[in-house]
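Notes follow once the structure below has been shown.
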Amino acid sequence: MSLRSQMEKQPLPTDDDDKVEAAEPEVDCYAPEQGSSEPASRAGWNSKIEYFLAQVGFSVGLGNVWRFPYLCHQNGGGAFLLLYILLMLIVGIPLFFLELAAGQAIRQGSIGVWKYISPKLSGIGYSSCVVCFFVALYYNVILAWSLYYFGNSFQYPLPWEQCPELGNITVKECKSSSPTSYFWYRKALDVTDSIDEMGSFNVYIVGCLLLAWTIVCLGMFKGIKSSVKVMYFSSIFPYVVLICFLIRGLLQDGASEGIAYMFYPKLEIWADVQVWRQAATQVFFALGLGFGSIIAYSSYNPKNNNCHRDAFTVSFINFLTSVLATLVVFAVLGFRAKKTVMACVSSNVQKLSEHSCVLDTHLLPTFNYSDPGSVALEDYTRWLEQNEHQLPCNITACDLEKEMQKGVEGTGLAFIAFTEAMTLLPGSPFWSALFFLMLLNLGLSTMFGTMEGILAPLRDRFKYRWLTVVSVVSVGSCIIGFLIGLLFTQRCGNYFVTMFDDYSATLPLIIVVVFETFSVSWLYGADRFLDDIEGMLGWRPPVIYKYLWKYVCLLAMLGLLGATIIGMFIKTPTYMAWNQETASEDHLPYPGWALAVLSLLIIFAMLPVPVGLVHSVVWDRRRRTHRDTETGHYSIVSTDETPMSELDNGNAFPASVS
């Protein structure tokens, strides 16, 4: 039997199907001929607000704060925003709508959904679970780091505000870098010089990781019923903090320069293929596509929920959050950069006022260099550009743009650049505690969604009694996550976090979404899927979705997949290491064993797809063989001249067996 003919037998389930399934719980939900075996006691959202908090909390994460601003800054500012909106409209939202509709219609986790839509591609759901597990392992370590910094924020001055001294001598590593870099690499992580040097466990980070997993476990103890209560705070609180930081940042000198630098449009970047790749990747990860969490959350919705409107609402909330975070980041970093640059100007001008640098009369500046603190950056820069090559002494340039480029991505933004900026604010402990509490809540909402992307499909797929007990599964998974996560608490653990972040999710998730799009638009059929949505919502979505799913989204994801694979082979995988001797960051290539590990991460995440395909083909053949054998057996019985009167009406079995 062809896959297409199999699919003709199983339209997406309706409410009537649910009633039948509830009355017949023994039906095998993985037989292609059957409908969804959604449990009759499946949980649901108490209100639409809870659902929105969950979806927005999952999609709005740490990447909105420390990844999006960096990409926007590096790739043309306002021009990148326009490109991002374009890709979100033609790729991101259609795929987001696809996952919402599939989860809401079939009302199962990712494993059940893709098994239902395309039995031969049932491995898609398992791959999503594996990737979610990888992400949960290292993501919770970042929450542990946030907890560590949050705990250290309740002291004045902040421990990363000044370099420590040993016998009235400033520690060399700190003096050669900065107090914030020293605290991050030496105090918080106590990092080794490379990934080859494992080092011992960091006791403080182990304790924080245990606390982070405990918080997640308590939040997930009763599934969405308990996690959504936490989300009332964790999903809303970050917006309060961002607005507070924006107001505070805009009042500081340098904020306007930071924001202007951020949004200055560079339209020529549209000709760069890499910029398109980075924008598409950010859209992809910002919406949380492929994780299975979107499907899991939408599966708790009533069948008539307007998931089309939800797709647009959540997507634009996510985008506006990224823009808000970008404004905050560059207002605060602009203030930090202006402070640093003005200190540079003052130091150079002081050389002139103290006559340590004697200049000819025609080289003397027109500004009042006897008062270094009153010199404007523009006046100093203009004077230096005119006379730079004629100055007899070491007068350095003070570049605001170069200062803005320092440490503006990922952990470098959160734990180095932003922490340094907060030390310059009055009441720095308060702002520091507020910032890291915000990071903790952003991460928690995403962790709840990630864990739901693992637990919901497993509970739906495996009907063992202990797996149906939500609290048992939640506690067990958190314990396993903590034990494996100890890998990241070694002194070299930061390098493993980088490895998992760069390679355990990116390529596998892109492949997962390619298969998702292909299975719905080509195997199941985009028209049939739209028919099912029409039956569910009571109105038919625009026909443009058919062409977006079949061509635009699929080709875009294949292009992103190709660009990612080519990039991995062309450029040797590297990681950022901290050199204690030089007190600087170095890009080092991964050693051979590390390359093997990251390759295994990708292979292991994608292995369920081909395994599921082979299993489905073998299972179909075995069933056909078994059916043929039974047919042959029954034909032998009929040749024994069994009277028709002794056969049950319409059955091949005898009415009685003597």
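Along the chain as shown, residues are numbered 1 onward.
Placement of Cβ uses the backbone N, Cα and C atoms for every residue, glycine included.
Note: TrEMBL annotation is automatic and uncurated.
It should be emphasised that the depicted structure is a prediction, and the values quoted were computed from it without experimental measurement.
Straight from TrEMBL, the features:
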type	residues	note
REGION	1-42	region 'Disordered'
COMPBIAS	14-27	compositional bias 'Acidic residues'
TRANSMEM	51-69	transmembrane segment
BINDING	Gly57, Val60, Asn64, Asn318, Leu442	Na(+) binding site
TRANSMEM	81-102	transmembrane segment
TRANSMEM	123-150	transmembrane segment
TRANSMEM	201-221	transmembrane segment
TRANSMEM	230-251	transmembrane segment
TRANSMEM	279-300	transmembrane segment
TRANSMEM	312-333	transmembrane segment
TRANSMEM	430-454	transmembrane segment
TRANSMEM	466-487	transmembrane segment
TRANSMEM	507-526	transmembrane segment
TRANSMEM	547-570	transmembrane segment
TRANSMEM	590-614	transmembrane segment
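Three or more CB pairs closer than 8 A are found between the transmembrane segment (430-454) and the transmembrane segment (279-300), so contact between the two stretches is assigned (pairs 6 or more residues apart).
A 10 Å cutoff on Cβ-Cβ distances gives Val60 (Na(+) binding site) a total of 26 other Cβ atoms nearby, all chains included. Apart from Gly57, Val60, Asn64, Asn318, Leu442, the Na(+) site neighbourhood in this chain, defined by C-beta within 8 angstroms of the site C-beta centre, holds Val56, Phe58, Ser59, Gly61, Ser235, Pro238, Thr321, Ser445, Thr446.
Counting Cβ pairs under 8 Å that are 6 or more residues apart, the transmembrane segment (312-333) and the transmembrane segment (123-150) reach fewer than 3 and are not in contact. Within 10 Å of the C-beta of Asn318 (Na(+) binding site) there are 24 other C-beta atoms, taking all protein chains into account. For the transmembrane segment (279-300), same-chain residues at least 6 beyond its ends with a Cβ under 8 Å from one of its own Cβ atoms are 42-45, 51, 54-55, 58-59, 63-64, 67-68, 71, 75, 80, 83-84, 87-88, 91-92, 95-96, 99-104, 106-110, 113, 125, 128-129, 131-132, 135, 224, 307, 310, 314-315, 318-319, 322, 449-450, 452-454, 456-457, 506, 509-510, 512-513, 516, 556, 559-560, 564. Remark: the transmembrane segment (230-251) contacts the transmembrane segment (51-69), by the rule of 3 or more CB pairs under 8 A. Gly57 (Na(+) binding site) counts 27 other C-beta atoms within 10 Å of its own C-beta, drawing on all protein chains shown.
It is 547-570 that, among the stretches 81-102, 123-150, 547-570, 590-614, forms the most Cβ pairs under 8 Å with the transmembrane segment (507-526).
Most Cβ pairs under 8 Å with the transmembrane segment (123-150) belong to 590-614, among the candidate stretches 81-102, 547-570, 590-614. Counting Cβ atoms from all protein chains shown, Asn64 (Na(+) binding site) has 25 others lying within 10 Å of its own Cβ. Counting every protein chain shown, the number of other Cβ atoms lying within 10 Å of the Cβ of Leu442 (Na(+) binding site) is 28.
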